[in-house]
Each structure stands twice: as C-alpha cells, then as structure tokens.
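Here's the structure we're looking at; comments come further down.
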Amino acid sequence: MPGSNCTKATQFSLTGFTEDPATQVTLFLLFLLTYLVTFLGNLGMITLIRTSALLHSPMYYFLGNLAFVNLCTSTTITPRMLAGVLLGKKGITYAGCMAQIFTFGLFVVTECFLLAAMAYDRYVAICHPLLYPLLMSPERCSRLVTSCYLLGLTNGVGQAIGMSSLFFCSSSAIDLFFCDISMLISLSTSDTTLSLVILRTSSLLSVPSLLVVLVSYVAIISTILSVSSAEGKRKALSTCASHLAALSTFYGPLIFMYLIPRSDTSRGGDKWAAVLYTVVSPMLNPCIYSLRNQEVKEAWRR
C-alpha cells in the first residue's frame, strides 16, 4: 500500500552517468557520434538490402529487419539520454517513461527472436542445403519475422501493464539513463507481485530464443567438423561469423543485466551493461555485417 504521506509521482528523475561538466561533454560527444553511426549504418543497411538484387535472400531479409529493430531501439533510448547528458534534463514524465518501457520491451524481445531466426536460417543453409528453398521460402520467412514482432509486442504490452499497476512517490529517482521496469519495481511503494511476474516472464521469453541459437550452432558445428576440406570448413564458418559476433554483443550484456541474480549492492555495472546492448550493439551490427560479409561489400561497391 502506498504511504499516506506519499504524493503520487508524475515524473521520474534519471540519474544518468556523472555530474562532472567536462565528463558530461565527453560522454555527449561520444554518444552523439555513436548514435549518428547507428542511425546512418542501419538506415544504409536497410536501403542496401531493399535496392540490391544481390541481397534478396532470407538471410538478408532477416538482417534488414534486425537493422530496423536496432534503429528503433537506439532511437528509443539515445536521444533522451543525449538531452539528459548535455542539457541536464534528468526528469522524464510518467507517460514518457511508460512509452519508453513499452517500445524498448517490444524491440528488445523482437531482436532476441530475430537473432534466433537468423541462427535457424544458418542451420538450414549449412545442415540441410537441399531443403533450404523449401524451409526458408519467402512465405515462411515472413511468418517468422511477423512472429518475432508479435512476441515483442506481447512483451511491450505486458511490461506497460506491469508499470501501470505500480505506485511511486514524487521523489522517485531511477539510477539509470532510461526507464527500466526492474528498476521501477524496486522503487515502487505498492504491491509489486503482478509486475514481478511480468518481469520474470519477459526475462524468460529470451530463453527459448537462446535455446534455438544454441541448438542450431551445436548442429552447425557438428556439420562443419564433418566436412573434409579445409576450404569448405572456412566457407561455412565465414557465413556464421558475423551472426556470432552480433549474438555476443547483444546476449552478453542482456544476460548480465537481467538473468544473473545479484544484490542491490553489486549492481554497479548495470549502467555500462545497459550501454552495451542499447547503444553499442545497434551501432556494431551494421559494421560487423558490412566488414565481414563479402556479398554486402560487393553490394556497397555496386
């Protein structure tokens, strides 16, 4: 129950990173550059995939959707963070916080399942190449991507409902640079049972996608090891290298942030883990696929 001497919060305060002016300017320039690279890189990847006939295949269809999700994730978080770092605008309204939780919850789970779909695509291409045109037909790829967005939407709606059931005092401060449902639950002065159930359910949503990735790559590695020629092994591994790099930059900090239990006193690395999967990972993905993929390089040259 909310305390009788507690005024309901109409906005929250985001603590950000530091109060030192010189450090704030440095962080602003760094995050601004990161966002510009993210925006232009992902927009360029989407445009390239749509316009280049070389890239009209299931793998690049998934990659185009991943670029769109990365662009949306970064835009949900980074512009608000830049305003906070440069202008000192730490306050965010209740409605703004709700919108951020919904959109971020939508896109982060969508990305989990898109990465799983990409792992399945690589599994079919390497382990069952003769069945690839049938198993990864345009209709099936479209249904897979639609399912990813629907699962993300379910998570976003669930997290928004979870937040709407919470009560906060007017002095609530979030020790992060964006609204995060786990932080809000710890700040709430009301019953958090429903919100905790939703949070744990949404955290577990990433587990099936991670299992798909693991099972796919166990089968891929097994198939690659059975290939006799070194050149065949190299080609098979090269088709997975970019995807493995994208998986590492996304799942690593996400698991650290949400799936590893720890006390409140050991959460000092949460801000920088959050920076990795909300700011750095969306920037790196188009760079990874541009630098390591010969077909993308050829499409850029054309």
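Each position is counted from 1, following the chain as shown.
Cβ atoms here come from the backbone N, Cα and C positions, even for glycine.
Per TrEMBL, the feature domain 'G-protein coupled receptors family 1 profile' maps to 41-289. Here TrEMBL flags 27-48, 60-78, 98-120, 207-228, 240-260, 272-291 as transmembrane segment.
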Proximity verdict for the transmembrane segment (60-78) and the transmembrane segment (207-228), three or more C-beta pairs under 8 Å: no
Recorded stretches the transmembrane segment (27-48) and the transmembrane segment (207-228) touching, at least 3 CB pairs under 8 Å: no
Confidence summary (mean pLDDT) of the domain 'G-protein coupled receptors family 1 profile' (41-289): 84
